[in-house]
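Below: the structure, in structure tokens.
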């Protein structure tokens with residue numbers, strides 16, 4: 001990845017000493033053209049950003065200027081980048097001890113846990129909306145089990161910790177401009193609980209027209225033209241956490257580490273064994289950064305993995321992989337682990353890398369088309385990509401149970417079922433399940449993608465204790481107390497409908513055609 005400061009120096013050289021530059025290297029005409037258009041794009045962007053800031057009331061300028069400075073840095077690095085950020089041949093074998101097996105971690109003694117938890121801050125990434133599942137507002141307020149939302153379950157977990165160990169672990173929510181207002185309304189209901197909740201907003205960046213490379217925003221009022229702005233991915237956590245003042249507050253309180261995870265990962269609970277590893281390491285130097293990884297299966301082939309590169313552990317995402325090596329990246333034998341996005345980071349180390357400006361995370365270029373047909377670019381970063389910026393980073397290979405994300409209604413079906421029971425906000429897999437892996441569930445997008453439609457198709461959630469694999473496609477409904485076992489495939493062709501009758505037990509069955517059950 002090119003350094004943006006170096007890119008600016010080269011740009012200056014181009015402007016000041018073109019003759020000397022041309023003697024050193026004679027670039028092709030197309031390279032000259034690209035360099036010139038890039039310089040022009042950065043200069044024009046700066047003018048546009050100044051215009052947007054100038055239209056703000058004085059009281060808001062300082063905050064927005066900080067955010068847009070971060071955006072300008074991202075944009076200049078985007079212009080400077082050439083080709084993939086990883087040279088495939090330079091990927092090294094993971095050194096011994098780079099990934100620690102969770103089963104080897106020591107469990108702390110009960111009398112020590114209280115003091116350990118007083119060193120911890122829990123951070124949940126809460127910037128996403130529930131639109132992909134057909135819900136309005138923040139994803140964290142979707143009900144997932146027993147009428148409880150993602151946020152309810154998180155609050156229950158931490159309140160239980162605080163009560164059990166007589167400590168005061170704070171919960172910090174990183175919201176986006178999309179979720180902040182609704183989240184603020186919801187957290188009022190937790191006022192009477194033994195839990196301090198803090199919130200801050202991640203940055204708000206302008207979407208860029210793909211052709212002109214200029215912001216499409218006409219004015220700085222985000223909510224008057226919400227399509228013109230976007231939250232720049234969870235990699236923005238470090239800068240925004242620092243800018244919020246919360247990082248300094250927690251360091252002053254004597255807290256040492258934060259545990260960061262996605263709010264929709266129901267397996268991401270505070271783990272005392274990992275916290276013990278960080279606070280009471282066997283070796284002298286403690287790790288500044290821990291990434292929880294888990295064994296990769298064929299269902300996880302697109303997930304980021306952990307690699308050794310230039311003598312440092314770092315995250316490798318599929319977007320960074322050269323096209324000719326995508327199959328290698330997906331290989332379960334070559335890359336055994338994938339990133340759960342459960343991360344532990346040392347608070348004073350976050351302050352150091354932010355102050356030094358050394359957070360050069362890989363840029364994810366997200367191309368989108370807006371409803372009016374305008375093609376835009378969003379520049380984003382991933383929170384785990386910061387691993388290479390910290391000292392002594394390690395991976396911990398955790399059980400699969402610590403990765404239970406709810407991205408689709410197929411995931412929702414699993415967490416609502418009898419595969420799990422609920423204990424103080426944490427999901428616990430049923431002891432009746434013979435093996436620890438969760439079933440593979442695929443529900444057709446046309447009839448099951450939206451939560452409301454999905455719920456209407458099940459009179460009650462089926463018994464999934466003995467299920468291995470479920471595929472449902474087409475117009476299918478389920479009666480009460482249905483049991484699904486082994487591999488079950490149900491396909492209703494276009495125009496047909498299948499009603500699975502109440503009390504049905506389907507074991508290793510393929511159901512297709514048309515089955516209607518009518519009330520009389």
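In case you wondered, yes, glycine gets a Cβ from its N, Cα and C as well.
Per TrEMBL, region 'Disordered' is recorded for 1-36. Residues annotated as compositional bias 'Basic and acidic residues' in TrEMBL: 1-16. According to TrEMBL, the UTP binding site annotation covers 139, 202, 233, 264, 407. What TrEMBL lists as substrate binding site is 234.
Feature map: annotations from TrEMBL on the structure.
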| residue | record | contacts (Cβ under 8 Å, 6+ apart) |
| --- | --- | --- |
| 139 | UTP binding site | 128, 129, 130, 133, 150, 179, 263, 264 |
| 202 | UTP binding site | 127, 174, 175, 176, 231, 232, 234, 236, 237, 240 |
| 233 | UTP binding site | 364, 380, 381, 382, 383 |
| 407 | UTP binding site | 132, 264 |
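Looking at the residues that bind UTP per the record, 139, 202, 233, 264, 407, the two CA atoms farthest apart are separated by 21 Å. Within 10 Å of the C-beta of residue 234 (substrate binding site) we count 26 further C-beta atoms, all protein chains included. With a 10 A radius on its CB, residue 264 (UTP binding site) counts 22 other CB atoms from all the protein chains.
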